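Enquirer: Below is the structure I would like to discuss, written out as structure tokens.
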Amino acid sequence: MTAWDALRAALDSLRANPLRSALTMLGIVIGVAAVIAMVAVGAGAREQVLRQIASLGTNLIMVGQGSIVRGGVKLGAGTASSLTEDDALAVLSEIPGVVVTAPSVRWGLQIVAGNQNWGTVLFGITPDYMDARDWSIAAGHGLSDVDVAQANKVVVLGQTVVRNLFGGGDPIGEPVRVFSTPLTVVGVLAEKGQNTQGQDQDDVIFVPLSTAKRNIPGMAKSNPRFIHTMVVKMRDGADMADAQAQIRDLLRQRHRLIPGQDDDFWMRDLSEVSATRDASSRALSFLLAAVAAVSLLVGGIGIMNIMLVSVTERTREIGLRLAIGARRRDILVQFLIESTTLSLIGAAVGVALGIGTAMGVAELAGWPTLIQIDSVVLAVVVSGLIGVFFGLYPARRAARLNPIEALRHE
Amino acid sequence: MVSEPAHSLITVERLTRHYRMGPQIVHALDDVSVTVRPGEFVAVMGPSGSGKSTFMNLLGCLDRPDSGRYWLDGQEVAGLSSDALAAVRNRSIGFVFQSFNLLPRQSALDNVMLPMVYAGVSHAQRIERALAALDAVGLLERAGHRPTQLSGGQQQRVAIARALVNDPLLLLADEPTGALDTATSLEIIGLFQRLNRRGITIVLVTHEPEVARFASRVLHFRDGRLIDDLSQDAEVAA
């Protein structure tokens, strides 16, 4: 008996009971569709998170002002005005692998344009900040080193700020007022969207670092060189943990901290965020795999059940086939091919349903989905194996029938 | 040990088969020796439980004897492996059953082709030979019909075509007219006689003397023993 003969016999037998065959496949169909759809949704979500993380930059280290301790009371991050522009310069020149250090100050305030006003966050920056945080300019131009050196009264607006102050209008060249000082809009930032915490990254304005310090009342009162944070950008492939350790040592030394004393600054590596995200999405994938495995298992048991019924129903046919020259192996193969055909047709329907569901979810719910070819291949292969595994017992039972008794079977 | 006599198709010697039923041992076949020459038309008769079915199952290589020997066309088959026995059933023996045993969802042609599926015959040849076999039983024009669309006599003729399609040496028929009316039975017996005249050896189990009289030789079984072996002038059915 050739494989083609066995396949034809299998299809004939499945056609004999179309409803029963369809119901038997259902477990596999649902299992496979679930695998493909869920993996697609999971991969889409992960892709989105990875994109967001990439927009933050994975080779960045954020260093910020720490808390001061007065009599055991920690006053909170940013209360120690310990970090300075000189620290940023020292990190750049003394730590190997540092590409850029971008010092900045930040301040929440109201910005006014004409009769409109909007509460936003001001960043006093140097041009390096744009590079370190992957900001680009959508219109006009960015801040220059000259703007920083001369404390020019210029500002670059985020998209959200533009929308709220100017509606649809062009803000370039328009005056805005911040901390009662008029600034000229020279550029508009390209849109970044939400960050991983859901915060609107476009609700910002950038001014030169020197302009911010000079014009925000009381900001630079104790130390004109002070900054709130600096972004340290490492070259690609740099060892982030090692770099952090070196920066810590350097800053402790510069701030004259004695051993045992707490850091007066904080430090965060954005690759930690991405690792956490990755781990949680991996856990989600395991969960999905477990759900899928259970439904495929149930599908396999359904196949075994129906194949046992089929063997009993077709006992006489098996007896006849044995009498006219089928070897036991031929009977075994015939029933194995039948169960595998059942599971593979179920898998094919499941693939179509899964892809349809993934596309439907993308369309209707607006979730990003990404159909993974591996998940399709894996689901089909596993279904085939399930057909063989759960078909084996019924097929062996068929192959072991005594032809004389089988022919007498009613 | 006696060696196998020349010019015989079937030689069985001291064939014995018993079953255990609870504490009892049933001697289904007890020390049976018989020889059938090529071209004979043998009827096997006896009441139920006489051992005739056991004898047929052993001749058909569907069962193995507990002792004794069996040569089919010069080959000792009693000791063959299960796969080799399957090959013997496939190539050397054609089976005809009381209840036809056709696959209900397949056409007459597909049913007749079934033995060739296990003989490794190419698809084109299967169709050609199956059509020839259907022609031999007079059902060529019904090749595309399903069993349910055929009368009992026609179904049995499809089954006979299936039995013939691998050119067997031996046709084994187990109560082939048991499910048919008298007129149709005669038709089928007539077909067996025509096939027999063309050279095929037939062993036919029946409990009806009206069927047995068309055979050239009658074997009578009782209680697992061969009690009578008569040659006779066969009546011609058609």
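Every residue, even glycine, has its Cβ placed from backbone N, Cα and C.
Caution: TrEMBL annotation is automatic and unverified by curators.
These came from TrEMBL, pasted as-is:
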- A:21-249: domain 'MacB-like periplasmic core' (DOMAIN)
- A:290-403: domain 'ABC3 transporter permease C-terminal' (DOMAIN)
- A:21-45: transmembrane segment (TRANSMEM)
- A:286-311: transmembrane segment (TRANSMEM)
- A:331-355: transmembrane segment (TRANSMEM)
- A:375-393: transmembrane segment (TRANSMEM)
Enquirer: In the same chain, which residue numbers or ranges, 6 or more beyond the ends of the transmembrane segment (A:286-311), come under 8 angstroms Cβ to Cβ?
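Expert: Contacts with the transmembrane segment (A:286-311): 13, 20-21, 23-32, 34-35, 38-39, 42, 318, 335, 338-339, 342-343, 346, 379, 382-383, 386-387, 389-391, 393-395, 397-398.
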Enquirer: Which residues of the chain, 6 or more past the ends of the transmembrane segment (A:331-355), have a CB below 8 A from one of its CBs?
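Expert: Contacts of the transmembrane segment (A:331-355) (Cβ under 8 Å, skipping residues fewer than 6 from its ends): 1, 3, 6-7, 9-11, 13-14, 21, 24-37, 40, 299-300, 303-304, 306-307, 310-311, 318, 321-322, 371, 376, 379-380, 383-384, 386-388, 390-392, 394-396, 398-399, 401.
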Enquirer: Could you give the number of helix, strand and coil residues in the domain 'ABC3 transporter permease C-terminal' (A:290-403) as assigned by DSSP?
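Expert: The counts are 98 helix, 0 strand, 16 coil.
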